[in-house]
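Taken straight from Swiss-Prot:
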- Gly38, Pro39, Ser40, Gly41, Cys42, Gly43, Lys44, Ser45: ATP binding site (BINDING)
- 6-247: domain 'ABC transporter' (DOMAIN)
Amino acid sequence: MSNKVIEVKNLNTYFDDHNVLKNINTDIEKNSVTALIGPSGCGKSTFLRTLNRMNDLIPIFRKEGQILLDGKDIYDNNVDVVELRKKVGMVFQKANPFPKSIYDNVAYGLRIHGEKDEDKIEKIVKKSLKAAALWDEVEDKLDKSALGLSGGQQQRLCIARTIAVSPEIILMDEPCSALDPISTIKVEDLINQLKKDYTIVIVTHNMQQATRVSKYTSFFLNGEIIETGNTDDIFLNPKNKQTENYITGRFG
C-alpha cells in the first residue's frame, strides 16, 4: 500500500483485563474505502473507535502499540483530541441528529470550532448538504427540526455534519444497518462519491455492501485481523480458510 494515511503497529486493546484487539498491524490507504467485516463481537467496532480515540471515553479502556496518522502517533500526550476528532470524523450506526434545525445541525461543528463568520458558515452548510446528496430534499426547510427527517435523510444529515468541519478521514460504524434498501443505496452512492475527497473506513455486517463500496477489506475474528487485502481478492480468492468459511456463510 503506497499511499497510507494510517499505520497501525502492534495494537492491543483492553477493557479492564479483557484483551479485545490482539496484535493488530495494518495500514489504511488515503482516499479509499476500507471495509471491516467479521462476526459480532470480533473487535471491528472497537478497532474503528481507536482511530479517533472514542474508546478513551470508557474509563476501563487501555491500549498498547501505535496508531500513526500522517506519521504522528494519535495517542501521544500532546495530541489535541478535539482536533483529532475533527480530522477523523465518525458516523454512527444510529443516526443521531441534534434536536435543532437542519441548518444548525450542520453549522454546529463549525461554531464549536470557533467559526463566527455567518456568511462562511452558510456557504459551508450548503456545500456540505450538497456533498451529502441532501440539499435538494431540504433546501426549502432548513429551519425545520432535523428530527422530522426520515431515517435515511437523518443519516445523510449526520454525514453532512461530519464533512462540514473538513475531516481527512470518515469512520462509519454500520451506517446503513437501520435503513431501508432505498436509503441504503443512497448512502452507498454517497460513499462512492465521498471517497474522491476523503479516506473512509466502514464497519459492515453486509458483505454485499463491502463488495459494492470498498477497495480494501479486513476480516476480523476473535480480536485479530485474519486477512486483509483488496476486496475482490478477499471475496473471490481468500487465502485463509477462516476467511473463506465466513464469507461463504459457514459461520458467523
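Yeah, the Cβs are placed from backbone N, Cα and C, and that goes for glycine too.
Neighbour counts of Cβ atoms within 10 Å were compared across the binding-site residues Gly38, Pro39, Gly43; the minimum falls on Pro39. Fewest other C-beta atoms within 10 angstroms, among the binding-site residues Ser40, Ser45, are seen around Ser40. Shown are the binding-site residues Gly41, Cys42, Lys44; the one with the most C-beta atoms within 10 angstroms of its own C-beta is Lys44.
Mean model confidence for the domain 'ABC transporter' (6-247) is a pLDDT of 96. Within 8 Å of the centroid of the Cβ atoms of Gly38, Pro39, Ser40, Gly41, Cys42, Gly43, Lys44, Ser45, where the record puts ATP, the same chain has further Cβ atoms from Phe220, Leu221.
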